[in-house]
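*Asks:* Features from TrEMBL:
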- C56: active site (ACT_SITE)
- 49-202: domain 'Peptide methionine sulphoxide reductase MsrA' (DOMAIN)
- 1-23: signal peptide (SIGNAL)
Amino acid sequence: MAMKIKCVSKYILLIVLSATLFAGCHSPKAEKISFEHLPSQPRNSEHDTATFAAGCFWCIEAQFKELKGVEQVLSGYSGGHVKDPTYTQVSLGGTGHAEVIQVVYNPHIVSYDQLLQGFFLAHDPTQLNRQGNDVGEQYRSAIFVHDKIQLDKVRYYIRKMTDEKLYDKPIVTQVEPFTVFYKAEDYHQNYYANNPDEAYCQYVIKPKLEKFKHIFSTNLKHTP
């Protein structure tokens, strides 16, 4: 990332706090046509859903599974035009899909604001269509919003981080209305937990996971 992770964490946490206050007094603006179908608020007060694309889904699945209040994390595909895509199709490009995680969480335990904090800290949102050595539109940074409350929060976060010049480069995270999620093949689920000794898990996923757990040490299901 362009700044040290401690600085990024500090500023994003401040944005989380200010966004919570902001949400109570914000007057919604007119939505673009592509977002008009979104409900004004979550349909279920006990369980909510977030959908994030932040590079390889193996990495962020392992990270978000650690957070207290997160009930389920599935790896899959979203944002494209091909129905029921396979991993091979998505990897070859041309489907429009990104590798994503679908997060089901209890909003009484972990807020969407906190999940956004995790999202921006889990990857570099200034890298266009790539994360490190993983290159292609399937590795793009994107947030698929499920309702207009999520949309307002995401726009607020990106605007604040841009205004604060948190990164040396522009944030390229795409914000799109959620349409459909396609679950990835079974061998992609719980990939890190099932393949901890693989080279990619050891040299790519593990360092990111350890850094994530250090930052969110007070919000983990299991205390380190």
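Cβ atoms here come from the backbone N, Cα and C positions, even for glycine.
Automated prediction, rather than curation, is the source of TrEMBL annotations.
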*Asks:* Let me know the DSSP-derived helix, strand or coil state of C56 (active site), please.
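*Replies:* Once the DSSP labels are grouped into three classes, C56 (active site) ends up as coil.
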*Asks:* For a quick check of packing: other C-beta atoms within 10 Å of the C-beta of the residue listed as 'active site', how many?
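*Replies:* Its Cβ shell of radius 10 Å holds 22 other Cβ atoms.
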